[in-house]
Amino acid sequence: DNFVIVLVLGSADSGKSTLIKQIRITSSNGVFTMGEIDGIGLCDALNLFKSVVNNPLLCKIEFMLYFNKMDIFEEKLKTVPLKKIFSSSTVQDENSYADSLVDEHSTLGNTYEFGNEDGINFTDDSGSNPRKAQQRNKLINKKLKKERKELINTTLIKVLVLGSADSGKSTLIKQVRILNKMGFSMQEIHEFHVVIIGNLIGSMKKIIKGVEMLKIEIPTELLDEYNKSVEIISSYLWNTSVEVDPEVTEMMIKISKMDVIKEGLKRSTELNSLGIQDTASYFVTNTERILDTMFYPNNQDILLSRRATTTVTSTAVTVSGTEFKFIDVSGQKSQRKTWLPYFEDAAATMFVVDISSYDKNMEEESSTNRLFDAWKLFGEIINNELLANTEFMLFFNKMDLFISKIGTVLVTDYLEDYKGNPKDLRDIKIFIAKKFQSITERRLNYVYFTTTTDSKLMKKVISTSM
């Protein structure tokens with residue numbers, strides 16, 4: 001929920017508490033600076049008002065000036081002239097004094113017309129006219145909402161995108177850019193092209209190793225051709241460019257169509273030790289298209305491309321008229337100590353978890369389960385004091401892989417404290433969500449089960465979360 005923070009300031013005994021009590025009765029809110037129109041107290045109040053209204057920390061806050069205790073003021077005017085208090089002032093009466101204040105502070109912005117043509121409303125907060133007060137409060141609320149909306153729409157909102165390595169953080173940001181029609185520059189598309197070629201070659205080499213490890217039988221009539229292709233591909237030293245050796249290209253296209261490779265891709269979950277990317281099947285299946293000399297990456301190619309984030313990247317994206325700055329940091333365990341400086345001024349944190357990694361161990365620590373590492377890291381982040389006032393959104397990502405996996409790779413073999421049906425998707429999701437909630441006293445209001453590469457699904461998620 002969003003709250004408007006309201007400062008109620010003024011000199012001692014000016015009526016601040018009375019005003020708040022009246023607000024509770026009439027259900028209004030606003031930002032008020034008050035002066036007690038009473039002798040020396042008024043001089044103090046004027047000095048205080050000047051120091052507050054000119055404070056740079058409050059430069060974007062809407063001010064409303066309440067002159068309180070008018071009933072007492074009117075009685076005092078009969079015996080104590082203003083000139084006696086403001087000896088240097090040329091004002092003759094209360095109206096000209098009000099005008100002088102407007103002139104002096106005319107740079108504050110809009111003058112709200114609540115009471116008279118001068119835009120000044122002398123009011124008594126004793127509740128003598130509750131109907132008028134209620135109407136005025138509605139007007140204040142309306143103006144506050146409008147100003148707040150304008151302020152949000154002109155402010156860059158900083159969003160941290162955190163999570164373990166290969167959880168889908170960068171993919172989430174790419175999806176936000178695509179859905180909001182931000183697009184990619186020619187330089188970025190070229191870089192993605194290079195990454196995609198690398199993803200394809202790396203995946204093909206690992207699947208070839210996997211076929212050998214799984215002892216998948218190769219038809220006799222294809223054995224010579226397969227072995228020749230494997231030898232050329234395995235020994236190929238790619239020079240990190242979009243150009244691939246023509247012979248290697250021919251062999252990769254040929255081998256990608258063989259049933260032995262397709263079988264290896266199907267059983268890739270049995271090859272965790274090789275670190276095969278979850279997008280391997282997509283790239284290998286599209287080998288011929290990707291290695292074509294006229295290949296131009298489409299949005300799906302870009303979304304599925306994988307490149308380890310080794311530096312902090314900042315991406316500005318405009319969503320529904322509001323500009324967000326997404327900070328993507330490296331999820332590698334060795335890099336997490338560099339996150340801290342970016343926590344300052346963050347308005348929201350998107351924490352991304354690869355829910356399908358429940359059966360995998362970390363590359364940095366082969367004995368540590370990746371989902372357990374994500375859970376532990378989430379606890380450290382959400383309980384960090386620097387993010388105490390930051391809105392949290394928890395994304396359980398790669399649901400497509402998770403759903404396809406739980407039927408054959410039982411979660412009970414990896415999540416020891418889960419005692420439910422190992423094939424009941426709903427129960428498993430609830431269990432994992434509660435597990436993450438249990439590590440913090442903060443209530444998680446935004447929890448999503450997503451597949452960041454699914455544009456249709458992510459369009460709905462982004463529209464509700466941003």
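Any Cβ shown, glycine's included, is placed from N, Cα and C.
What TrEMBL records for Ser170, Thr309 is Mg(2+) binding site. Annotation source TrEMBL lists GTP binding site at 303-309, 328-332, 397-400.
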Distance, Asn397 (GTP binding site) to Ser170 (Mg(2+) binding site) (CA atoms, angstrom): 12
Arg307 (GTP binding site): tally of other CB atoms within 10 A of its CB: 13
Sparsest-packed among the binding-site residues, when each Cβ's other Cβ atoms within 10 Å are tallied, from Ser170, Ser305, Thr309, Asn397: Thr309
Among Leu303, Val329, Met399, which are binding-site residues, the residue with the most C-beta atoms within 10 angstroms of its C-beta: Leu303
